[in-house]
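Enquirer: Not my notes, these are from TrEMBL:
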DOMAIN    325-425  domain 'Calx-beta'
DOMAIN    443-542  domain 'Calx-beta'
TRANSMEM  25-48  transmembrane segment
TRANSMEM  118-138  transmembrane segment
TRANSMEM  150-172  transmembrane segment
TRANSMEM  179-199  transmembrane segment
TRANSMEM  639-660  transmembrane segment
TRANSMEM  714-733  transmembrane segment
TRANSMEM  745-765  transmembrane segment
TRANSMEM  785-804  transmembrane segment
């Protein structure tokens with residue numbers, strides 16, 4: 001136990017130390033180094049992002065421009081090629097370098113830690129990550145693989161990679177890797193890229209007439225043959241979304257400018273489509289207390305935003321259905337009972353004897369509610385024109401509607417129309433904390449002295465509405481009678497303001513029930529990129545039925561005027577949002593920015609830093625400060641950062657190789673078992689958090705589990721193909737063969753292949769059967785937990801069976 005040498009460690013003699021102490025120190029240091037690898041891998045992937053985001057200008061035909069040809073800036077790298085080349089290499093860099101360093105440091109003789117890590121990491125990626133993603137999807141939601149052809153290709157290559165590995169080690173030339181076998185293994189990597197690219201472009205399938213990128217952004221090959229992404233269009237869309245959110249949040253006076261800008265940036269970052277690399281970087285920064293790619297917002301601020309969205313959604317729904325009153329949800333998501341009148345006004349003929357007034361209850365329905373109604377004099381006097389009323393209205397559980405009646409005094413004296421009010425109260429003696437009075441708390445009752453159906457007209461000939469109000473409301477009155485149910489038509493006419501550009505108008509019918517004397521039409525004001533908007537549109541009423549007429553004011557003009565104060569607020573929020581978004585870019589522009597983010601918890605956003613962020617920042621501070629010395633991605637188009645960070649990953653991987661080997665030796669754990677457990681988990685854990693986040697936030701499952709197969713295949717083709725090629729060339733030069741005992745590795749590969757086939761079959765069944773939601777991820781709760789458990793158990797079986805064989809407790813091949 002005292003003699004456990006590595007390639008570099010131990011630096012000094014530790015033989016006199018207690019074995020338990022040494023093992024504990026090596027385990028802690030190994031975990032700490034895994035944290036360091038994750039942080040430098042963040043920098044490595046930012047370099048890859050910079051490289052693969054490089055653009056070029058191409059000319060395309062466009063009949064809408066004068067010259068007939070338009071310059072478009074497009075990405076140089078195809079998404080599929082980027083995912084399977086640099087991105088896969090970035091994800092698998094620790095495993096690949098571990099194998100290269102191990103075999104080179106061992107005089108080109110095979111080791112057990114590196115190959116075991118390759119297979120163990122593949123098992124963890126496919127089985128554990130898939131299981132976590134299956135069960136992580138929110139209730140009643142699903143995620144499906146979107147680009148099926150590419151997924152099929154990577155899945156086939158994933159299985160073939162390990163079949164090929166088993167054939168090389170145990171069938172073709174047992175326990176020997178020939179030069180041609182190493183060459184073929186290495187060349188399978190570019191073969192994977194070429195085939196995937198061809199399938200993505202539709203070369204092998206006529207039905208697949210869109211690339212993966214085109215599917216995501218909605219452009220077909222007929223429009224632009226080889227354009228995967230248009231940065232100009234994305235920038236314009238992002239600008240429009242920033243302005244929209246800034247206006248939406250600016251209308252809520254409860255949210256400060258700074259918080260509104262942070263919230264807008266968070267919503268935009270969450271709502272965008274992101275690559276799997278983006279999620280990997282964000283996950284690594286999340287558990288290291290680093291600068292997160294999604295600004296963290298507290299629950300109170302998030303709740304305020306959700307209330308804003310709820311109110312806007314309800315408003316648009318009411319406008320679409322031409323409802324009379326713009327409804328604001330006071331029920332707090334159904335947790336509070338809301339009581340109000342069913343209408344804000346009504347009319348009654350004097351000879352009817354009494355008027356019926358509706359009282360409705362919304363929101364929380366499972367409790368009894370008591371409210372008080374009381375009449376108040378207007379031009380009508382209590383006693384001479386109506387009998388006063390003051391009484392309790394009691395709602396039983398789940399009862400939504402009650403009615404109260406006010407008696408009208410009928411006399412023989414002619415008098416003009418008169419009115420009085422009835423008001424809703426929450427009685428102090430019976431007040432309930434989970435009950436509120438709604439918006440329609442007062443009802444105006446008009447006593448009409450004739451039985452005419454009445455006339456309809458607008459309350460005034462023109463309305464001036466500020467943009468900050470978000471809606472324009474016009475009131476239609478029914479005068480000189482309110483007898484019977486009568487309908488009237490309405491329509492909007494564009495003037496300088498245009499329908500569906502400046503406002504949402506149209507046409508429709510309004511029905512006034514018997515006794516109703518007032519209705520409100522609401523028109524949504526649309527966001528505009530114009531600096532000034534003093535525009536107008538016209539609203540007209542016509543065609544009443546039931547003998548009613550249109551009064552003197554049958555048309556009204558609505559003018560939308562600029563709100564200078566509100567525009568200034570929106571501009572400030574939008575500018576701060578843009579700054580926040582620039583601050584969460586993957587790449588960094590200078591050493592100053594790198595050191596600022598490295599030295600400060602949460603990248604400098606201290607206000608939103610949690611206790612966990614502070615702890616992880618303290619534990620990772622050395623690594624952050626050290627890696628801040630790596631040149632930023634602004635130098636050399638990202639390639640300098642790529643090379644330097646790769647060298648640092650190699651150095652750390654060499655240290656981890658020794659730490660894992662010595663730790664296993666100290667506790668009596670074989671290298672094969674150490675590789676498939678501790679090392680595989682250490683290298684794959686960041687990807688687990690990234691995949692879970694991608695599964696929850698993305699519309700499709702491609703970023704979460706779709707890239708797992710490609711990464712596993714690259715692990716074999718590069719992680720074993722490259723060191724095999726180096727070693728085979730070395731031994732060929734000496735005219736000797738490269739001996740590579742299959743041993744436990746061959747058995748582990750076969751067990752992994754078996755478990756992988758079962759797991760892929762489970763995912764296929766989930767996609768094909770409705771009981772699982774016809775999707776790889778999510779679906780009905782019981783079904784998703786059952787399938788997730790099955791896939792996770794496969795990983796446990798792989799670990800247990802491989803470990804038993806390594807210790808000769810069961811017989812291998």
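Residue numbers in this text run from 1 along the chain shown.
Quick reminder: no glycine exception, Cβ is built from N, Cα and C everywhere.
Tell me about the surroundings of these features in the structure.
Expert: Within the same chain, residues 82, 86-87, 90, 93-94, 277, 280-281, 284-285, 287-288, 290, 586-588, 619-620, 623-624, 627, 630, 633, 638-639, 641-642, 645-646, 648-649, 652-653, 655-656, 659-660, 662-663, 666, 678, 682-683, 685-686 sit at least 6 positions outside the transmembrane segment (25-48) and bring their C-beta atoms closer than 8 Å to a C-beta of that stretch.
Sequence-distant contacts of the transmembrane segment (150-172) (same chain, six or more residues past either end, CB-CB distance under 8 Å): 80, 84, 119, 122, 126, 181, 184-185, 188, 192, 195-196, 199-200, 212, 702, 706-710, 712-713, 715-717, 720, 740, 742, 745-746, 749-750, 752-753, 756-757, 760, 813.
Residues 78, 80-81, 84-85, 149-150, 152-154, 157, 161, 164, 168, 172-173, 205, 208, 710, 713-714, 716-718, 720-722, 724-725, 727-729, 732, 738 of the same chain lie 6+ residues outside the transmembrane segment (179-199) yet bring a C-beta within less than 8 angstroms of a C-beta in it.
With a cut-off of 8 Å between Cβ atoms, the residues of this chain six or more beyond the transmembrane segment (639-660) that come close are 6-9, 26, 29-30, 33-34, 36-37, 40-41, 43-44, 46-48, 50-51, 93-94, 97-98, 100-102, 105, 113-114, 627, 630-633, 671, 674-675, 678-679, 682.
Counting residues 6+ beyond its ends, the transmembrane segment (745-765) has Cβ neighbours under 8 Å at 112, 115-116, 119-120, 122-123, 126-127, 130, 155, 158-159, 162-163, 165-166, 169-170, 672, 676, 705, 772, 776, 787, 790-791, 794-795, 797-798, 801-802, 805, 812-813 in the same chain.
Only residues 6 or more beyond the boundaries of the transmembrane segment (785-804), in the same chain, are considered here, and those with a CB under 8 A from a CB of the stretch are 123-124, 127-128, 130-132, 134-135, 672-673, 676-677, 744, 747-748, 751-752, 755, 758-759, 762, 766, 772, 810.
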Enquirer: Can you give me the average pLDDT across the domain 'Calx-beta' (443-542), rounded to a whole number?
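Expert: Mean pLDDT across the domain 'Calx-beta' (443-542) comes out at 81.
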